[in-house]
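Copied over from Swiss-Prot:
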| type | residues | note |
| --- | --- | --- |
| TRANSMEM | 36-56 | transmembrane segment |
| TRANSMEM | 59-79 | transmembrane segment |
| TRANSMEM | 114-134 | transmembrane segment |
| TRANSMEM | 137-157 | transmembrane segment |
| TRANSMEM | 170-190 | transmembrane segment |
| TRANSMEM | 199-219 | transmembrane segment |
Amino acid sequence: MKSILNDFLLMIQFFTRIPINKNLQCEKANFRRGAFFLPVVASIIGGMEFLIYLGLKNFLPSNVIIVLLLLFTAMITGGLHMDGLADTCDGFFSLRDKERIIEIMKDSRIGSYGTIALIIDLLLKYQLLYSLVLKGYSIAIFLAPIIGRISILFLCLSKRTAKKNGSGNIFIGNMSKPIVFFISTIVLVLSTYFLGLRATIIPFIGALLITYLLYLLCLNKINGLTGDTLGACNELGEITFLLILLMM
């Protein structure tokens, strides 16, 4: 039980800015087991966002609430996944060789492609969430973060790391297939309860497809995955899920 609590708190500590004032075991095995709780952490984030929406919807216009939710997401996650998206775009669109791309991705300064990617990311999330709320799919506020993290888990089934050392290496190739598929089944059942089978399966398949395409792009550009590409995967998975859901 103590080990389970450690791994759960480790995921909260790693993926959010929620203060966990506790010394935790951070071995690779802890992250492997802790992956089980990544969608749980995402459900906490999505749940808080949905509660904020419910609490404000009678007082503020929906478009204003969505802006506040995007701000809240950036604060609660520290912009972790958006930073990964920006770094990935800066590197991949530089059209350099593998070593130079990785150097660019490690640079703490954001470039023009990263800036453009962040603007498009936020604009798409804003418009998609706002449109879905108007369409009666406000539950997408809760579900999208979970689907994004599921996309990360599937990407991490690959063992191809682009760097010998990197924060992403504690996840890449360190996932248990049975756990990933078990978690995905639970998420699909949950989503089906809220959205129905068709509105769950098709957007979910779309998110997995974009994850696979990103994987192929990563192999082509840097011969593997990094922590930044995992962050990019989360953002692309969320947006793809929301976009296809809106089209349903």
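The backbone N, Cα and C atoms fix where each Cβ goes, glycine too.
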Candidate ranges 36-56, 59-79, 137-157 - greatest C-beta contact count to the transmembrane segment (170-190) (under 8 angstroms): 137-157
Other parts of the chain folded back onto the transmembrane segment (137-157), taken as Cβ under 8 Å at six or more residues beyond its ends: 35, 38-39, 41-43, 45-47, 49-50, 53, 69, 73, 81, 129, 171-175, 177, 180, 183-184, 187, 190-191, 194-195, 203-204, 207-208, 210-211, 214-215, 225, 229-230, 233-238, 241-242, 245-246
